[in-house]
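Peer 1: Straight out of TrEMBL:
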type     : residues   : note
ACT_SITE : H255       : active site, nucleophile
BINDING  : K257, K485 : substrate binding site
REGION   : 1-157      : region 'Disordered'
SITE     : S508       : site 'Interaction with DNA'
Amino acid sequence: MSQDSQHGKWTISSSDDDDEGLPPSGTATSKPHRPAVSSHSPRQSVSPPGPKLEPASAAVEVKPEPAKTPVSSLVIGSEARQSAAMNQLNPVKYETSPSLAGKRKKEASDGSGWALSDSDDDDGDVKGKSGSNVPKRALSPKTKKPKVENERPPSPHGRLYYIEEPEDFFESSVPCLNDTYRFYLNKVTGLDRKYNNGALHIRAAKHHCQVSSGFILIVHGDKREAKARLIQQAQPFPHVRFCQAKLDIAFGTHHTKMMLLWYEEGFRVIILTSNLIRADWYQKTQGMWMSPLFPRLPKGSSVSEGESPTFFKRDLLEYLASYRAPELEEWIQRIKEHDLSETRVYLVGSTPGRYVGSDMERWGHLRLRRLLYEHTEPIPGEERWPVIGQFSSIGSMGLDKTKWLAGEFQRTLTTLGKSSLRSDPPVHLLYPSVEDVRTSLEGYPAGGSLPYSIQTAQKQLWLHSYFHRWKANTTGRSHAMPHIKTYMRTSPDFTQLAWFLVTSANLSKAAWGALEKNNTQVMVRSYELGVLFVPSAFDLKTFPVHRNPFPVSSSSSGFPVPFDLPPTCYSPKDQPWIWNIPYNQAPDTHGNIWVPS
């Protein structure tokens with residue numbers, strides 16, 4: 001069947017997804033059509049040989065190193081983004097000589113301990129190190145290329161992609177940063193140097209964290225075949241062990257991304273939006289909160305010592321305990337022995353389950369509602385203060401806005417202190433349009449990480465009237481498609497923030513939870529994690545918006561919002577990016593088209 005709308009004519013699959021069939025990570029119950037990216041001339045398509053796995057979360061034990069170098073770490077990350085990886089393909093370029101992206105999987109390991117993020121194929125199919133696919137014929141099966149030591153990950157678009165890259169792009173030490181808020185964007189290749197000045201790459205975030213001894217504990221959400229592939233991939237690495245996150249509710253995902261890095265002097269928490277796959281760290285807009293270095297408490301200290309005014313220590317321990325995994329007990333005990341009192345953000349997590357009574361406010365959007373109720377203040381004229389939500393995936397919202405978005409989620413986002421006012425301010429939702437994706441640094445392959453399906457979209461055309469473009473000229477990232485997820489409340493003139501949240505949670509009931517049984521129970525499907533910034537924790541009334549956040553200055557008091565304010569509404573010609581329908585009328589920035597197969 002087909003349906004006409006202001007966003008064009010969509011061809012709809014005869015087997016529509018269930019309402020919750022597309023969780024926030026893009027993993028669906030039934031596989032979506034698998035797009036192939038083709039050279040615009042000639043128009044040919046290539047089907048991918050299969051999905052790609054990424055490490056989910058890990059505990060890393062290493063030998064002691066110099067000061068401020070992690071001696072061990074725990075990394076909790078998203079479950080394998082199978083559908084997204086399956087759909088994010090390399091542009092097909094038929095060159096006469098093999099490209100660097102044609103290296104085989106065995107040559108992709110860079111010795112960092114993250115070889116598990118490479119292809120899960122075992123049949124010798126050719127894949128790029130970024131996780132995207134290239135046609136098999138790009139490399140002759142008889143051709144053997146020598147292994148190149150210490151070479152940067154290949155670009156999906158060839159060697160020329162890195163020519164403009166600043167020399168310090170891969171710096172391994174943390175640069176001088178504005179640590180007032182400790183919120184940073186990732187580095188993006190291909191930008192003017194100033195827009196990476198003060199941004200972070202994963203190498204700086206991990207700061208020499210390498211696996212030289214001990215073990216890696218990978219906490220993952222994979223099941224059945226995917227789990228078996230993960231275990232098979234780890235066979236060459238005897239130091240790798242696994243812990244499976246419990247996902248007892250259908251369509252839930254393990255979507256949290258967090259690193260706990262232990263140093264000789266203490267430990268650090270990093271909560272971020274990037275998956276542990278190379279493609280997430282080079283061409284997309286991502287964000288992270290990086291804690292101060294937490295020192296060890298004196299021996300004999302009580303468990304309650306080292307708590308922050310935001311109760312971050314308590315909430316972090318509660319989140320880790322929610323896994324109910326004996327393998328994490330060592331890490332829980334370590335955290336108890338450290339002083340987290342300098343933390344000025346609130347932890348907002350989701351864990352799968354059905355909760356009643358006071359437990360309803362422990363997780364998901366009701367947790368956010370409680371924090372906003374307790375730690376923000378009413379603002380005169382707050383009905384004119386817009387709410388902004390920005391995300392990279394969308395679940396089913398229901399047949400109209402009253403089913404969840406306005407009837408439940410919007411009430412959370414509009415909470416300001418203990419005011420009895422139930423205001424109905426403007427709501428702006430930022431999600432890339434087709435044109436945003438087409439003209440991005442990656443071109444159409446960027447859409448593989450924006451898994452909004454036609455099956456979901458055609459049920460909620462009403463939602464698209466809320467949509468705004470992805471524009472980020474102030475941070476230089478208009479053409480770096482967002483994998484970051486942020487929510488905030490701004491002043492009518494967009495110069496002040498009432499609060500700001502960076503999180504792994506996309507716009508979905510699976511991520512945020514949904515009320516059930518006449519609002520006496522909340523059901524959450526997925527693991528998510530983010531941090532909430534409220535002005536009172538920084539001795540402020542509101543956060544001033546930083547209009548020019550790059551290059552980063554240590555003296556700035558403005559908050560670095562990742563995109564332009566005010567947001568830009570979709571025009572009548574704009575369409576939201578839908579990842580499983582074709583786009584073959586206009587080529588992208590690399591001369592390719594998008595053809596689901």
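Quick reminder: no glycine exception, Cβ is built from N, Cα and C everywhere.
TrEMBL does not curate its annotations; it predicts them automatically.
Could you tell me the structural context for the features on the list?
Peer 2: Of all Cβ atoms in the shown protein chains, 33 besides its own fall within 10 Å of the Cβ of H255 (active site, nucleophile).
K485 (substrate binding site) is surrounded by 25 other CB atoms, counting those within 10 A of its CB over all protein chains shown.
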Peer 1: How far is it from S508 (site 'Interaction with DNA') to K485 (substrate binding site), counting Cα to Cα, in Å?
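Peer 2: S508 (site 'Interaction with DNA') to K485 (substrate binding site), Cα-Cα distance: 12 Å.
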Peer 1: For the recorded positions K257, S508, which one has the sparsest Cβ surroundings, going by other Cβ atoms within 10 Å?
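Peer 2: Output over recorded positions K257, S508: least Cβ neighbours within 10 Å is K257.
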